[in-house]
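A short worksheet on the structure shown next.
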Amino acid sequence: MPIRVPDELPAVSFLRNENVFVMTSSRAKTQEIRPLKVLVLNLMPKKIETENQFLRLLSNSPLQIDIQLLRIDSRESKNTPAEHLNNFYCDFEDIQEQNFDGLIVTGAPLGLVDFCDVAYWPQIERIIAWAKDHVTSTLFVCWAVQAALNILYGIPKMTRETKLSGIYQHQTDKPLALLTRGFDETFLAPHSRYADFPVELLQQYTDLDILVSSEEAGAYLFASKDKRVAFVTGHPEYDVDTLAGEYQRDLAAGLNPQIPLNYFPNDDASLPPKASWRSHGHLLFANWLNYYVYQITPFDLRHMNPTLD
């Protein structure tokens, strides 16, 4: 889907250099169709980098997507210019009366922080509750999965002893599900987290459909039967060098990290890694947009679909 973004957003030139179709707001006004409204709650510190990653995955389809970037942390950012945040992000109070076709909640580097110590935890609770009445389908990614499972299902925070980092093999458990349509029987996907998502824990606490899992990484992709919420515990949006950057960052911080699994050639961090997960990342987001958002959402967002009640 050509994503519809402000003309001045840095992602426009960045993604066009990759031959990704980006439609600016000025051009979109000439097309007489209703774009899908997708809200992106960006919790990552390097917001511009994260914008580029998610907008790339949202861009590959003929329908328009009107992207609205959302922030909830009022503290001064160390990694993103204030001017960028002020120009391209809205506060929750600006949109709380609106309805959206989709909501994406990104990960956050909070794997070792208790929920009660997360500065914006009350805002997370508020937005997840708000989404039940104002969003057709919500996609949670990595840390946001752990937060949502706690808020929606009462699942306690599960933390691994060592960080799960690298490229892991996954098996498609339900190949006929809409969200996994077109998936290979096995495929690779990146993980970078302390959070633990055992399949047995999800089966104990929820009736969520577990669609993809990994012997090493646990549950990867699961969703509610009504398609209102979907969860991906890895990072299909990651650039080829994102894990390398995280590894070097942790080395510099003296954390003695393990080298990301199945990532650097011959486990040699001096060699450039190669991406092996992009196609399934694109397919996952395309399926979510099509089957969980576009096929269900009402044409007039002022009247949310009664099946969502």
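Backbone N, Cα and C define each Cβ position, glycine as well.
What Swiss-Prot records for this protein:
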type	residues	note
ACT_SITE	C142	active site, acyl-thioester intermediate
ACT_SITE	H235	active site, proton acceptor
ACT_SITE	E237	active site
BINDING	K163, S192, R249	substrate binding site
SITE	G111	site 'Important for acyl-CoA specificity'
SITE	S192	site 'Important for substrate specificity'
From recorded positions K163, H235, E237, R249, the one whose Cα lies nearest G111 (site 'Important for acyl-CoA specificity'): K163
Extra residues within 8 Å (Cβ to Cβ centroid of K163, S192, R249), substrate: S165, L243, E246, Y247, D250, P257, P260
Substrate binding residues K163, S192, R249: largest Cα-Cα distance, in Å and rounded to whole number: 14
Rounded Cα-Cα span from C142 (active site, acyl-thioester intermediate) to K163 (substrate binding site), Å: 13
Integer Cα-Cα distance in angstrom, the residue listed as 'active site, proton acceptor' to the residue listed as 'active site, acyl-thioester intermediate': 7
Lowest local Cβ density among K163, R249, which the record lists as binding-site residues, within 10 Å: R249
Distance from C142 (active site, acyl-thioester intermediate) back to the residue listed as 'active site', taken between C-alpha atoms, in Å: 11
